[in-house]
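What TrEMBL says about this protein:
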BINDING   165, 166, 167, 231  NADP(+) binding site
DOMAIN    4-118  domain 'Tetrahydrofolate dehydrogenase/cyclohydrolase catalytic'
DOMAIN    140-280  domain 'Tetrahydrofolate dehydrogenase/cyclohydrolase NAD(P)-binding'
Ligand SMILES: Nc1nc(=O)c2c([nH]1)NC[C@@H]1CN(c3ccc(C(=O)N[C@@H](CCC(=O)O)C(=O)O)cc3)C=[N+]21
């Protein structure tokens with residue numbers, strides 16, 4: 001079994017991004033990323049900290065806007081409208097999850113689709129489902145996973161892919177990307193019957209449940225590929241994925257946690273930010 005090295009692939013992608021940032025600098029353009037964080041969520045804190053560091057290293061201007069947990073939906077939408085109108089901002093990300101009194105769909109729909117770095121806007125989700133030929137941003141975690149599959153030459157055409165989880169952040173766009181890549185896709189959720197039987201036959205299993213050790217890798221088929229999207233911090237401080245027993249399996253590939261999908265999410269977020277900046281230059285609204 002080969003452990004996928006997400007850190008290594010992310011480093012390679014970041015070298016490419018640095019070149020593109022230099023090209024934009026020659027045009028007098030610095031890609032700008034704005035992150036809105038409402039309240040305090042542990043996973044989001046990690047993400048924002050890592051993201052800020054990587055952006056700075058690459059020459060991307062990143063600003064994190066923190067809003068208190070009791071902020072109203074209208075106040076967030078007003079903030080988004082200011083960022084939509086700001087030519088220095090190419091990419092807007094509103095950290096998920098938000099406090100329960102906020103309707104996340106209203107927030108995602110308020111972001112200018114041309115600045116929608118998460119690909120959560122209904123327009124961009126529509127582009128993904130239609131497999132549109134023109135450029136559109138997509139969610140960075142599944143995008144990073146598709147990159148890892150390509151890098152390790154894991155074929156998707158004609159393969160049975162099982163996606164466990166149906167969030168807008170990971171499961172739904174993941175299923176759409178795998179479908180667009182000619183896989184046969186099953187999206188499972190908490191009501192799915194006989195999950196173990198599906199796990200036993202799938203060629204690719206993507207687990208995005210957000211629950212430590214919820215799935216046993218030993219139940220997977222020999223030669224299959226496992227992508228573990230979970231990032232769970234245990235009481236003793238250790239970081240684990242959603243899948244237990246990855247070692248000593250007959251899998252072809254598996255992603256570790258940490259060092260698997262996480263670093264790729266950050267790298268592809270930067271890549272999408274740069275692409276949006278390039279789009280804004282090309283369409284004359286930089
Ligand atoms: N609008 C929105 N978009 C997101 O993409 C988004 C979000 N909200 N909310 C929170 C989740 C979580 N997330 C992470 C990405 C990378 C690491 C990461 O870098 N993980 C490292 C571990 C870091 C450590 O050592 O603590 C790794 O897996 O190796 C963590 C968490 C993005 N998310």
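Counting begins at 1 with the first residue displayed.
Just so you know, glycine gets a Cβ as well, placed from its N, Cα and C.
Caution: TrEMBL annotation is automatic and unverified by curators.
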* **DSSP-assigned states of the domain 'Tetrahydrofolate dehydrogenase/cyclohydrolase NAD(P)-binding' (140-280) in counts, ordered helix, strand, coil** => 52 helix, 28 strand, 61 coil
* **Spatial neighbours of residue 167 (NADP(+) binding site) that are distant in sequence (at least 6 apart) but have CB under 8 A** => 208
* Asked: Tally of helix, strand and coil residues over the domain 'Tetrahydrofolate dehydrogenase/cyclohydrolase catalytic' (4-118) according to DSSP?
  -> 61 helix, 19 strand, 35 coil
* Close in space, distant in sequence - residue 166 (NADP(+) binding site), Cβ under 8 Å, 6 or more apart -> 172, 175, 187, 188, 189
* To do: Restricting to the same chain and to sequence separations of six or more, state which residues have a Cβ under 8 Å from that of residue 165 (NADP(+) binding site).
  => 171, 187, 188, 189, 206, 207, 208, 209, 210, 229
* Over the residue list 165, 166, 167, 231, recorded for NADP(+), what is the maximum interresidue Cα distance in Å? -> 16
* Under 6 Å from ligand 1 by Cβ, which binding-site residues from 165, 166, 167, 231? -> 231
* Looking at Cβ-Cβ distances, which residues of the chain lie under 8 angstroms from residue 231 (NADP(+) binding site) while being 6 or more apart from it? -> 43, 46, 239, 241, 257, 258, 262
* Asked: Over the domain 'Tetrahydrofolate dehydrogenase/cyclohydrolase catalytic' (4-118), what is the model's average pLDDT?
  -> 96
